[in-house]
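Undergrad: So TrEMBL says this about it:
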type	residues	note
BINDING	Asn77, Ser78, Asn120, Val121, Gly122, Lys123, Ser124, Thr125, Gly164	GTP binding site
DOMAIN	2-168	domain 'CP-type G'
Amino acid sequence: MAKALRQVKENVKQVDIVLELVDARLPESSRNPQLVEILQNKPSIMVLTKADLADSQITHRWVNYYEGKKQPAIAVNSQKGDLHTLEQKIYTVLKDKLETQRKRGIVHKRIKAMCIGIPNVGKSTLLNQLLKRRAAQVGNRPGITKAQQWLKAGENLLLLDTPGILWPKFEDPLVGKKLALTGAIKDTLYAKDDVALYMLEHFITDAPKKLQERYKLENQDLEESLPELLLLITQKIGMRDDYDRASERMILDCRRGKLGRYTLDQVPQDS
């Protein structure tokens, strides 16, 4: 991790703009504070990936929130390839710089952009759509991209891919649970039942009907304590008392959209 951070710090000086990828389901919780610190005054765009998995209204509010703080932001569903808007956004953010270069007679300079983010945030999928080919490995688990690599996206855009980097310690344990639920942390590094209990708490508060439909729960079931509810769901999905395996199933259901769209980070009230 230290080596990857050093490389990012060195390369940020070489690029024109940074694409900071965050998960639309948890935009703030999926920002690596170490990477944010490295960016400093470099032009950047906050790219909210996996927008197709998040609550669209809340995603819209997040984009407005960042834009209101003078941080360019855009939400993308990279699976559908709606990335022309992202390319336009890059040129908009760099408009003044490009105009200055044009006046100096520099008209064919390629834009260099660096993609950064945490593991499994969707960088490889996004890059492959921008490049119109499978240039980067894609997988639904953290740690697929292992090295930094320059990739050509059209005649005027060069992209520097970087490995996903997770910071070593979460000040707020809740952030760790959110990252685990969405697949940013390796499955061997957290207690599945703890994450499943957090998932239940979130859906009971925000979308109880989705929970009831998926696991055939009655209204009174939601009044049980979280551990009792987890055990009840374990039995309902045919795993008797193996709540660890049931927790794994529930986490996968959540990641795969079986409970519909959801957003774990709420936009600050002052926005």
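We count from 1, first residue shown onward.
Glycine too: its Cβ is placed from the backbone N, Cα and C atoms.
Bear in mind that TrEMBL entries carry predicted annotations, made automatically and left uncurated.
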Undergrad: Out of Gly122, Gly164, which of the binding-site residues is least crowded by other Cβ atoms within 10 Å?
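TA: If we count Cβ atoms within 10 Å for the binding-site residues Gly122, Gly164, the smallest count is at Gly164.
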Undergrad: Among Asn77, Asn120, Ser124, the binding-site residues in question, whose Cβ has the most other Cβ atoms within 10 Å in this structure?
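TA: Of the binding-site residues Asn77, Asn120, Ser124, the highest Cβ count within 10 Å belongs to Asn120.
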Undergrad: Which of the three DSSP states, helix, strand or coil, fits Ser124 (GTP binding site)?
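TA: Going by the DSSP assignment, Ser124 (GTP binding site) falls within a helical segment, counted as helix.
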